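For reference, the structure discussed in these notes is given below.
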Amino acid sequence: MSFVPGQENAGGRSSSGNRAGNGILKKTTWADQTERGPNNQNRGRRNQPKQTATTQPNSGSVVPHYSWFSGITQFQKGKEFQFAEGQGVPIANGIPASEQKGYWYRHNRRSFKTPDGQQKQLLPRWYFYYLGTGPHAGASYGDSIEGVFWVANSQADTNTRSDIVERDPSSHEAIPTRFAPGTVLPQGFYVEGSGRSAPASRSGSRSQSRGPNNRARSSSNQRQPASTVKPDMAEEIAALVLAKLGKDAGQPKQVTKQSAKEVRQKILNKPRQKRTPNKQCPVQQCFGKRGPNQNFGGSEMLKLGTSDPQFPILAELAPTVGAFFFGSKLELVKKNSGGADEPTKDVYELQYSGAVRFDSTLPGFETIMKVLNENLNAYQKDGGADVVSPKPQRKGRRQAQEKKDEVDNVSVAKPKSSVQRNVSRELTPEDRSLLAQILDDGVVPDGLEDDSNV
């Protein structure tokens, strides 16, 4: 039994004639029941052979094979494409957990020439293929292949290939890529919003079922060339506009001190409950220092705020507005209006208490528990986020402090003893006779021995 992504209980013969590739029933018309020749199916155009790995050109603009999902495009240079263990497999209806295994394939897109004559290389785009399908259908899970990143669900058996049929673009659209809650998308990448292909028979069936009058009008429209949009046209136009303005498409916008200050002030002007902390306005500036009443946030998360790559995991636990009001205990408390010199105003606090319950079946449970344990009561740990480094002193203040330290370190001479003070005065006749007697006897009185050399 082969599975078809996007369809419930899909078998090897993936669908009957009245089911679209995305699993939605469509209206059966007369045109769907009649036999169609090659020309009718393609509305007068020549049959386009399905491109495979051997028939597609090497220009870099053709997507290898046909992935069931839209791609993930890189928009920042130097970023690495990777998922955490157990993450990275796109969600699709009808695919059991045992079949959720495969790899992401890097598609190197073509380069183009800017108006000033320079060659610009578009950043790569990644596509997902189930194990045993796609450009590396013969590879085993975990093989070291350039441009391949292996992913699998924790319940999948990676020793066997997936029982997934290949996608036929004429009958199945590419499914917009979605991941399980808690999945962390690689930094510098974004998910394409929808597939690039559409069934060729949809517009034909619609036009043939309108009646003879509209059929003539539609046949005249067939002579007009169909307008096609290349997958990379949007990127090319954006790059050309940026090149005309003298900017590099791959260069991130620089944040100056002035712009960061403006962003920070804009956030702080909002009510406290509407602030969103980020790099320019950290958590402690928005909500104050950590303590018993605000006990969440490690050092890294306090710096980055909601820009922290782990924050989307925590956002899965955040209650909705409805859950906040209807699932919490609320209490309205009136607070003091301030000092006597301030204008009188009524201040209230809407105090709330509640709980968010989850268990080990929640997708990404282990990662969520790890992030919670790292950030809950982190201020109590040694060297926690609440330890603030001292502000650097200004140059003038530092020099004054150094000069004061030098003055403090200078040793001041002690006052002379009474004997030392007496030696400096003139000797009286009595002193001279006493000194002569001492010299004759050869005895030096106590206290005068050390002072005789002064």
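Glycine residues also receive a Cβ, built from the backbone N, Cα and C atoms like all the rest.
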According to Swiss-Prot, ARG109, ARG167 bind RNA; so which of ARG125, ARG264, ARG272 is the extra one listed there?
-> ARG125
Whole-number Å value for how far ARG109 (RNA binding site) lies from THR177 (phosphothreonine) (Cα to Cα) | 20
RNA site span - longest C-alpha distance across ARG109, ARG125, ARG167, in Å | 21
Rounded to the nearest angstrom, how far is the Cα of THR428 (phosphothreonine) from the Cα of ARG109 (RNA binding site)?
-> 111
Listed modified residues (THR177, THR428), ranked by Cβ neighbours within 10 Å, top entry = THR177
Whole-number Å distance between the CA of THR428 (phosphothreonine) and the CA of ARG167 (RNA binding site)?
-> 126
Relative to the Cβ of ARG125 (RNA binding site), which residues of the same chain, six or more apart in sequence, are found under 8 Å away?
-> GLY71, ILE72, THR73, GLN74, ARG106, HIS107, ARG109, GLU192
